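Below is one structure, written out as structure tokens, with a few remarks after it.
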């Protein structure tokens, strides 16, 4: 019984450890999507740029030049 509990605890710790890695993969895909649209990721968009999306979780905005 002790071995089973230990094994279950190890499995839970492994799965909880891999969760942040999935979030960083999502962030990379958001950044790639922004760059493919010709934008850039930044905290604020400049006055001559508009927000076209998000680069979550690293940056809150994907900005693009209006020109």
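Cβ from N, Cα, C; glycine included.
Over in Swiss-Prot, the protein carries these features:
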DISULFID  34-62  disulfide bond
DISULFID  41-55  disulfide bond
DISULFID  45-63  disulfide bond
SIGNAL    1-24  signal peptide
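Shown here: features listed in Swiss-Prot, placed on the structure.
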residue: 34; record: disulfide bond; Cβ within 10 Å: 22
residue: 41; record: disulfide bond; Cβ within 10 Å: 19
residue: 45; record: disulfide bond; Cβ within 10 Å: 19
residue: 55; record: disulfide bond; Cβ within 10 Å: 23
residue: 62; record: disulfide bond; Cβ within 10 Å: 24
residue: 63; record: disulfide bond; Cβ within 10 Å: 22
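According to DSSP, residue 55 (disulfide bond) is assigned to a strand segment.
Cα spacing between residue 45 (disulfide bond) and residue 34 (disulfide bond): 13 Å, rounded to the nearest whole number. In this structure, the C-alpha atom of residue 55 (disulfide bond) lies 6 angstrom from that of residue 62 (disulfide bond).
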